[in-house]
Amino acid sequence: MPIIPLLFLFAAIMSGAGIAYFVGSASVIAFVTEDHARFLAALPQRVMGQLNVFAFLAMPLFILTGELMNRGGVTEALIKFSMSIMGRFKGGLGHVNIMTSVFFAGVSGSATADAAALGNTLVPEMEKQGYDKDYAAAVTAASSIIGPIIPPSVILIFYGALMNTSVVALFAGGIVPGLLLAAVLMVINAILAHRYDHPGGRGAEIPRFFPALLDALPALSLPVIIMSGILMGFMTPAEAAGLASVTAILVGWYYGRLKPHDILIALERTAVLTGAVFIILVAIATFGYLMSIEQLPQALVALIKEMDLSKTQYLLMLNVIFLFAGMLMDVKAALALLGPLLIPPAILLGVDPTHMGILIGFNLTVGLLTPPLGGVLLILATVLKMDYWRLVRGVFPFLVAELILLGALIFIPELTLALPRYLGLLT
Amino acid sequence: MDPINIAFAGPEDASVDGEYVFAKTFKDTIAEHGVDVTIHPNGTLGKEDERLDQTSQGLIEIDLGSPAVLFKMSKSAPSLYLPFLFQSEKQWDDVIAKSSILESINEDAAKYGVRVPGFNMRGGLVGIFTTDIPATKMSDLKGVRLRAQNGDQIKFFESWGAKGTIVSFAEVPNALQTGVAQGYFNPPSSAIKARHTDMLKQFTPLDAMPVARVILMSKDWYDALTDEERGWVDEAYDKALAANRAWSAEYGAAAINQLADLGVSVNPLEPGEREKFVKAATAIWTEVGDKDVIEKIQTALK
Amino acid sequence: MLVSLSKRLNGISLRINRITMAFACLFLVLMVAMICLQVIARYGFASPPAWTEEMARYAMVWVGLLGASASFHENFDPSLSKIPETFPRWLRLATALVRAIAVLVFLTPILWYCFFGPGANFTRGFLSRNTTMVAETIPMPLIFVAISVPIFIVVTLFHGLARTFSTLAELPIRTDLNDKSTPHETD
Ligand code: NA
Ligand code: NA
């Protein structure tokens, strides 16, 4: 056992060092203690090689699009439009919250961006109408993870790049599971609305449908551009993302909300965020290189062969592992670390790579809603200045429903694969 | 002698990967002298650029790489990969043996600490696959968008009246389905291995060139071997290369026969049509390759 | 003495970060421009130029690495634990020391091998190798991309030094990214 690197790893984690830096430094120490120090010479090229990847191009551009959209008045227009459809029902604002997340998902690739945007706008509105804060925050959290399932999705781009799988097929694969997720959450919201007698319609001003639609059209045009462009094959995901960010500027200008200063901030935040992601990637690549030298992937494949698991058994095991990983780790770190090790054996056992990608994406985003380190929960607790554990309790019924849906997605691959197959994206 | 690391991009499967055949034969041969070889498949030690870099620093002793990494080091190398310059693997091997091209490539590669002893073959000759165009004449390809690996390929496609669009290999199925690309320029084995034959239903054999991958050795490592050790390495290399060629001949022949079973029609060119392709490509050879090197190759071919 | 030195270091760190950010934004705009040019060329001309995609990738490497140093400066890198201000001083110093060591241990070997190749030979180092290697689609030496690696490391190490001094001098850490109220991540 490499005791020294592990001890340092523990110390660095507890000291509050960034994920990239504790993974990177512990790996470097392990290179030395395991007598592989000369291989450190490969690191500079490894940094370049990890980042200089065609499939990653779409990631910063979709982040930029989301940033521009958030600043450009899009959230309000989407809320109003959802209101005009669902506002009249019992628990209406809960439905509006979920529906807005569906529309938001078509623009943004991020659950935390969704949670922050709706936490700032819709939760205060729900409180005003008589929902208790815990519930309002819980619906916001639970529905935010629709974001990375319905394309565009940073996690799916990441998966596609790591596993050499078509991002387009993954995007098509996410649509039905994302809509199912929204439907399941709406059912839970409706049940809870009756049990707790949530307000519905009364007192609320329901915007008229057509004016609201008209107002939301520029915002809704984005998902249409992105989806049709990519799925019909007019553009690569990166091209669609580039075009989307330009469109986002135009839309923000149309709503009269986006100032040059906002664009600058959006650019800066995108750069910083991309950097935070990329440096984690570099650190994980350092660790991955050490494992490759030690031939760990081959050993793991041999071990899995020896265990003689069926396809379904291995898939279930994988889902449990990723679920726990999602609870403990940053989503991208978990994917970069475990993906290249654990996913290839599943593909060898006959799991479809696209199906796998959606399952892993779903799985890891559910981890954003679970303690101890649920990213969405942490952000909402900060934005709304509320107790973390109360939020955890509030999310629980939704979480159970999401896990049941995950089970359905595991056992019925067609839920994921029918659409990409219909579009002819799978061979 | 210290253990030798051989890295390559493909799977450890001798039935489909000629580079693995090379690596395995090398390993088995040199094992007779008690030398250990670790084979790193599937790009576990990194992508093409990274493996080149590690070979250059002596971290990997032998890397089986793509021609693109060779192009980065040597300006002579692209001239070897011009369509219709070589019509068979044998011609390729003859030119390498007779001409001084490998020496000039090695002069360039030495600056990076790399030695290039030769090339592995992937089996089969390059032709054109399309989704639905049974091309038997060059004019059948007019305006057809073919997937290209790089800008140079686009130039050749355009010389034949076709069009090119650069698409990464992972997105090829999507590009074919959506019509972004209508076909590509590859040997039968590529389409079979990647299971693109579900969409690519037409193949026109052009015999445009063999598919050669490059073998890279760490120069520091090779130069530091004793004469006896170098003898073992050279012997293992020769046997491994011969095994690759034997595999390649068999696999290349089988692949084109397999196409029919997979529902792909093979459409031979009409008489006189291949000459048209050759003429158009030859006219722009010097735009992509180096004039002197091309002349050297042609002299060696005679 | 310690306070003034620390203030000075942090002032420089802040200025370096602004320059870094400006360049990161520039490369991001370049990236968007390359991609849009590619779309326009695809539908405007027969075939899109081969170099837009490669240039966009290189711009992305720059955005990522400059952004990584800025992310470190802004304390934006996700971590698994936070050290509260209420901890005793010795514990805060000890954890700051471990964090500093982690950054140094990770980045110094990469920096070393940027410059030196086998046998500590400068002409065989990563940067030197990339001065003669060229890009795939245009004859640009790859050094223009490779240089981003040591720049990222030097800038990040400097930010780390400034921050360690802040902890020693018990100064608050200043960062640039405003409106922290809407935290965002990519998940
Ligand atoms: Na999305
Ligand atoms: Na929501």
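Glycine residues also receive a Cβ, built from the backbone N, Cα and C atoms like all the rest.
Now, the feature entries from TrEMBL:
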DOMAIN    A:7-415  domain 'TRAP C4-dicarboxylate transport system permease DctM subunit'
TRANSMEM  A:6-31  transmembrane segment
TRANSMEM  A:51-69  transmembrane segment
TRANSMEM  A:98-123  transmembrane segment
TRANSMEM  A:135-162  transmembrane segment
TRANSMEM  A:168-192  transmembrane segment
TRANSMEM  A:213-234  transmembrane segment
TRANSMEM  A:240-258  transmembrane segment
TRANSMEM  A:270-292  transmembrane segment
TRANSMEM  A:312-329  transmembrane segment
TRANSMEM  A:357-384  transmembrane segment
TRANSMEM  A:391-412  transmembrane segment
Query raised in the report: Does the chain bring the transmembrane segment (A:270-292) near the transmembrane segment (A:168-192), so that three or more CB pairs sit under 8 Å (pairs 6 or more apart in sequence)?
Result: no
Requested in this report: Using a Cβ-Cβ cut-off of under 8 Å, list the residues of the same chain that are 6+ residues beyond the ends of the transmembrane segment (A:357-384) and lie near it.
Outcome: 111-112, 115-116, 119-120, 123, 133, 137, 140-142, 144-145, 148-149, 153, 155-156, 159-160, 163, 165, 170, 173-174, 177, 181, 315, 318-319, 322-323, 325-331, 334-335, 339, 343, 391-392, 395, 398-399, 402-403, 405-406, 409-410, 416
**Report entry** Intrachain residues whose Cβ lies under 8 Å of the transmembrane segment (A:312-329), provided they are six or more past its termini
**Finding:** 19, 304, 337-338, 342-343, 345-346, 349, 351, 359-360, 363-368, 370-374, 406, 410-411
Report task. Count the Cβ pairs between the transmembrane segment (A:391-412) and the transmembrane segment (A:135-162) that lie under 8 angstroms and are 6 or more residues apart in sequence, then report whether there are at least 3. Result -> yes
Report task. Mind pulling out the one from A:51-69, A:135-162, A:168-192 with the most Cβ pairs under 8 angstroms to the transmembrane segment (A:240-258)? Result -> A:51-69
